[in-house]
Structure formats: structure tokens, C-alpha cells
Amino acid sequence: MSAHSHLDGQLPHEPERATLEGRNKVLGFWLFLGGETVLFGTLFSAFLALRDQVGDGNPTSQELFKLSLVAIATVLLLTSSLTSVFAIQAMHRNQVKSMQLWLIVTVVLGLGFLGLEIYEFFHYVHEGHKFSTSAFSSSFYTLVGFHGAHVLFGIVWISLLIGQVYRKGLTVVTAPKVYVAGMYWHFIDVVWVFIFTVVYLMGKVG
Amino acid sequence: MAANHTTHSEEPAKRHKHEGPRKHIVAYIFSMLLTLVAFATVIGGEINASFTYILLLVMAVLQVIIQMGFWMHMKDRGHLFPIVGILTGVFVVFTIVIMAEYWTWW
């Protein structure tokens, strides 16, 4: 809609939708997110079906979970979702430096989240809650660990994009990539909302 | 060519309307509040279990609607396809969850 402004060397209004390739990338990414929803749905259903199968003498979710740690992790991830929104808004204003800064903040917050999760798993293993301890522990580590792996992937992805934008600048080629990475990050956050609700809070209630 | 893009600031003549950060901050505050209520309900532990479950699910669904609406732009124009896609995904997921529970325990 604003391809005209591209003629004088300025980025169009919404650079992620300026080209057909960019629009297709966004559309294709929604399809991918639909598939991811189903993937996490199956992991959730496995966890819900097995979460009470603890076995004799193994730690239950009530004994195990520390809500303070989960609360801090939640705040970190929620905030990183907000900073990635700021990055996209800066992109729409064509402020590359500010966009890069917000992306870096997002990555740092993501790393903080990941650090907490690694510490948490470490602590659980110490408490005798290993991957193969019970059906509960296996389904727990599969679901939460899969989400953690997604966070790690997002951190690597956004970091690489920061490097690419630094080298090539913000163009109609790089803008859709940043936009799509932002969508991915929000999706990870949305999945976490269900994880802290279904796994941790409901696990604590019993 | 790429460098040109980065140095341009907004020209008043063709400035587009850019949304400010305000409504995103409001969405963030709402998300935080919903999270706080959910955690407080469980830590307080006063309310009976089945009611807590319902309350937690309502908090989660509300938060997801806020986040997808504002942060993933699903409330904006031209997002019918993503909405239909996500709703289809949610339908599939609910079917899977109910089926898995039913198969395992009844």
C-alpha cells in the first residue's frame, strides 16, 4: 500500500508486508504456529493424563514446585514479550538502533528465564525428580523442557537476526524476518501462560 | 542501499500514523494483574480446589486473548485467516486433551 515511498529510498510503512515474499512469510508462519499449537496440545494432554502417576515415595508436584521461582520466570518472559513489541514498533518507525536495543533486551530477558529454568531442573533432579522417575516426571520434563528448548531456539534466532540487521540494515528483506521472530516470541509467551497455569499452579492445588 | 534506509527519519509530509506504546503497556499491566491474581489464589489457598481450577483457567484464557489481540495484532484488520487458523488449532487441541483423558482414565 505504500510502495510509493520506497522510491525515494525510504522504507515503506509496514516493511514486513511490503513484498509478496514478506506477506507469504507472515502467512506461512501462522500455519507453523497452528502446527505448534497442536504439538504443545499433545504434550499438555500427555501431562494432564499422567500428572498424578507419581509412584511410591517419589516427589509429588505439591512437594516439588516452588512458586516464587516460577513467578520470577513468568515476570521475565512477560516483560520480554513487551520489549519485543517495542522492537517491532521501533521497526515501524524506522528506528533501527532502538529496534536493535529492544531486541537485545528481549534476548537478555529470555536468557534470564532460561537460566532460572535450568536452575529449577537442576534442583528437581537433586530432589530425586529425574526424567525417568515417574510418569509424572517424564511428562513434566517433556512439556516444560520442550518449551525451554523453544525459548533457547528463539534466543539464538533473534541474536542472529540482530547480527544480520546490523550488517545489512533494515530492508524489505530483513524486516519480515524480525516481525516473524517477534510473533514466535509472543507465541512462546502464550504457551508459558498455560504452562504456569496448568503445570505449576494447578499442580500446587493438587 | 541498505544504509539509506537506516538514516532516514520521519518526514512530516508523509508520516504515517504510528501507534504509541501506551496500549501495549496497558496490555502488559493487565497480563501482570491476571498473573498476580492466579498466583495469589493458589498461594492463599483459601478457596476450594475445583473453584480454583476454574478461576485459573479463566485467568489464563483472558490473558491469552489480551496477548494475542494486542501483541500478535489479531484484533487488527485483515487477521481473519490467523484467527480461523488458531481457533481450528484450539479445537483440535481440546479434542486431543479430552480424548487422552478419556482413554486413560475412563
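Using the three backbone atoms N, Cα and C, a Cβ is placed for every residue, glycine included.
Curation does not apply to TrEMBL; its annotations are automatic.
Model, not experiment: these values are computed from the prediction.
Note on the domain 'Heme-copper oxidase subunit III family profile' (A:27-204): mean pLDDT across this stretch is 94. If you look up TrEMBL, you'll see A:27-204 marked as domain 'Heme-copper oxidase subunit III family profile'.
Residues or ranges marked as transmembrane segment by TrEMBL: A:27-49 (among others).
The transmembrane segment annotation in TrEMBL covers A:69-88 (among others).
Same-chain neighbours of the transmembrane segment (A:100-119): 69, 72-73, 76-77, 79-80, 83-84, 86-87, 90, 144, 148, 151-152, 154-155, 158-159, 161-162, 165-166, 178, 185, counting only residues six or more beyond its ends whose CB sits under 8 Å from a CB of the stretch. For A:100-119 (among others), the entry in TrEMBL reads transmembrane segment.
When Cβ-Cβ distances below 8 Å are used as the criterion, the transmembrane segment (A:139-162) is approached by residues 40, 43-44, 46-47, 49-51, 61, 77, 100, 103-104, 106-107, 110-111, 113-114, 117-118, 121, 129, 131, 174, 177-178, 181, 184-185, 188, 191-192, 195, 199 of the same chain, each at least six residues removed from its ends. Residues annotated as transmembrane segment in TrEMBL: A:139-162 (among others).
The transmembrane segment feature in TrEMBL is assigned to A:183-203 (among others). Packing against the transmembrane segment (A:183-203) from elsewhere in the chain are residues 26, 29, 33, 36, 40, 44, 47-48, 51, 61-62, 65, 67, 70, 73-74, 77-78, 80-81, 84-85, 106, 110, 140, 143-144, 147, 150-151, 154, 157-158: each is 6 or more residues past its ends and has a CB under 8 Å from a CB in it.
When Cβ-Cβ distances below 8 Å are used as the criterion, the transmembrane segment (A:69-88) is approached by residues 98-99, 102-103, 105-106, 109-110, 112-113, 116-117, 119-120, 151, 178-179, 182, 185-186, 188-189, 192, 196, 200 of the same chain, each at least six residues removed from its ends.
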